[in-house]
Structure formats: structure tokens, C-alpha cells
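Below you'll find the structure, written out as C-alpha cells, and then a few comments.
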Amino acid sequence: MHNKKWDFRIVCAHAFTILIWGTAFPGIRMGLEAYTPEHLTLLRLLIASLILLLFSLIYKLRLPDLKDIPVIFIFGALGFTIYHIALNYGEKSVNAGPASFIVSVTPILTAILASIFSNEKMKFNGWIGGVICLIGIAFLSLSQGDSIQLNSGVFLILLAAFSESLFFVFQKSYLKKYGFLPFTIYTIWSGTVCMLIFLPGIYQEIVTAPIEITLSVIYLGVFPTVLPYIALAYITSHASASEATSSLYLTPVTACIIAWIWLGEVPTFVSIIGGGITILGVVIAHLTFNKDDYKQIESEKVW
């Protein structure tokens, strides 16, 4: 029997994830006012790792197999260390809204890489969507300020999206083995360990940073870095992985609205056009992936 109560809970989980991840991009912009990109990443991941450690002790999370630890560290570096550092450096010159639109091409990059490395067929409209996204990103790269000029921060954010795509492409067998949430916890921990090389100097930044900026970094560590993954794990346990992430295409719109309210970042006309084109490309490319054409990852075990 179809349970409408479960449907309502899944919708709430989707809405929560979209809202919280939408706050991450303006939160990063605020954090960069007092923290370097490296220290912002480190502090955010340290906070997230501490919360997840307590969470794991309560629920008695089992440790990964010893032979998988080196690979998990590589995943942690790709999905969290490189991703966050590149995104933070990119957001030094790119506003929160455009940054979120650029990151939204991650599913397309993932599909392209999967077609190369995993022999997953990508249909024609997938490639068309990718080309449309590139046009949108070209607009976004010229959209900062009142004048039209190339913004190199766009390429750093594209690097972040590419790193995240590699993280998604090769994780399939480990998701099946450990489950969505445990694997995410392992990779956050390993990504945090990789960031420890930037530990020197972070204390000085903490004590000199305005309290409101430090609170925004704490917020980033608690909310966008931890809670949406728990919500996604819940959704994935009741639906396919593709359905769990499909509504995240609304995240850039949420990020633009929040950045406008929180930071006063009014979107330029060029950035609105570029963002709209990018989302159009992502949607067109996403239509390629249906149950008849591809085997989607379904994580039946969440914990």
C-alpha cells in the first residue's frame, strides 16, 4: 500500500536539503571575510567531523575495512578537501549565486566521466545539455560587477565541480558495501585529515575573526556539511539515488535568494541569464537518465 505519510516526509527532507545547501554558498562568502580558504575549509570540516564522531559513537558505526582506507582517503580528498578549497578560492571573486549555478553542472560532469570510465552510455540530449551548460557558464564568467570581464574564479569553481564528479563516479561499489551515510562519514573524516597540514595559523584567525563570521563558519560545519547528508540518506533509503538528488537543481535558486537577503548580493542581468541557461542545460541533460537506460545506484542500507 502506498504510504502518503512517507511521501510527505520525503518532500520535507528534499525541502530541508535544498534550503540548507542553498545557505552554504553565501555562508562561504561571509566566512572568507576573515578566514583564508584553507582555514575556512579546515575549521568547517573539523566541526563536521566532531559532530559525526559523536553521531557514530551513539549509533556504533563500524569502521571500514583496512584495505579500503587508502581509497577512502582518495575519495575524501576529491569530495571534500579539493572541492572545498577550490570552491572557497573561487568564491573570493565569484558571488554566491553564480557559484552555486556553476557547481550545479556536477551531475553532467559525472555523467560524462561515467561514460568514459564506467562505459555508461550518455545519450545525445546529455551532450546537448552539457554544451548548453558551457554557454551558461561562459555568461557567468563575465557576470561579476557592472562591467563585462573574465573572472578566473569561475575556473576554480569548475575544478571543484570536476573533483566532486570524480568522487561520485568511482564510489558506486563502496556505496553498495558500506551504505550512503557511513561512506559519507568516512570520506568527511579522511578529507579532514588531509586538511590538517593547514592547521598552523588557524588559532590566530579564530581569535581575531569577528564573532559573527566565526558563527557562520560553525553554521557551515554543523548544517550544510552534515545534516543534508543525513536527509539524503533518508531519501535514498526510500527512493533511487537519482531521485534523491534530482530536486537539488533548485539549490542555486535558493542560494541566489539567500545571498540577496543575507549579503545584499543583487544578481546582475548577465548572471541571471547565465544561471538560467546553466540550469536549462542541467535539466535537459538529466532527462537522459531514466530507469530504462541506466542502472541507478540504490542504497538499500543507510546505516
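Glycine too: its Cβ is placed from the backbone N, Cα and C atoms.
Annotations in TrEMBL come from automatic prediction, not curation.
Copied over from TrEMBL, here are the features:
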- 16-141: domain 'EamA' (DOMAIN)
- 42-59: transmembrane segment (TRANSMEM)
- 71-90: transmembrane segment (TRANSMEM)
- 96-117: transmembrane segment (TRANSMEM)
- 124-142: transmembrane segment (TRANSMEM)
- 148-168: transmembrane segment (TRANSMEM)
- 152-284: domain 'EamA' (DOMAIN)
- 180-203: transmembrane segment (TRANSMEM)
- 215-235: transmembrane segment (TRANSMEM)
- 247-263: transmembrane segment (TRANSMEM)
- 269-289: transmembrane segment (TRANSMEM)
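Here the transmembrane segment (180-203) has Cβ contacts under 8 Å with residues 38-39, 41-43, 45-46, 48-49, 52-53, 55-56, 61-62, 64, 69, 72-73, 75-77, 79-81, 84, 167, 171, 174, 225, 229-230, 232-233, 236-237, 241, 299, 302-303 of the same chain, all six or more residues outside its ends.
Counted as Cβ pairs under 8 Å, contacts with the transmembrane segment (124-142) are highest for 96-117 among 42-59, 71-90, 96-117. Beyond the ends of the transmembrane segment (42-59), by six or more residues, the same chain brings 31, 35, 80, 84, 185, 188-189, 191-192, 195-196, 198-199, 202, 206, 217-218, 220-222, 225-226, 303 to within a C-beta distance below 8 angstroms of the stretch. Taken together, the residues in the domain 'EamA' (152-284) have a mean pLDDT of 88 on the 0 to 100 scale.
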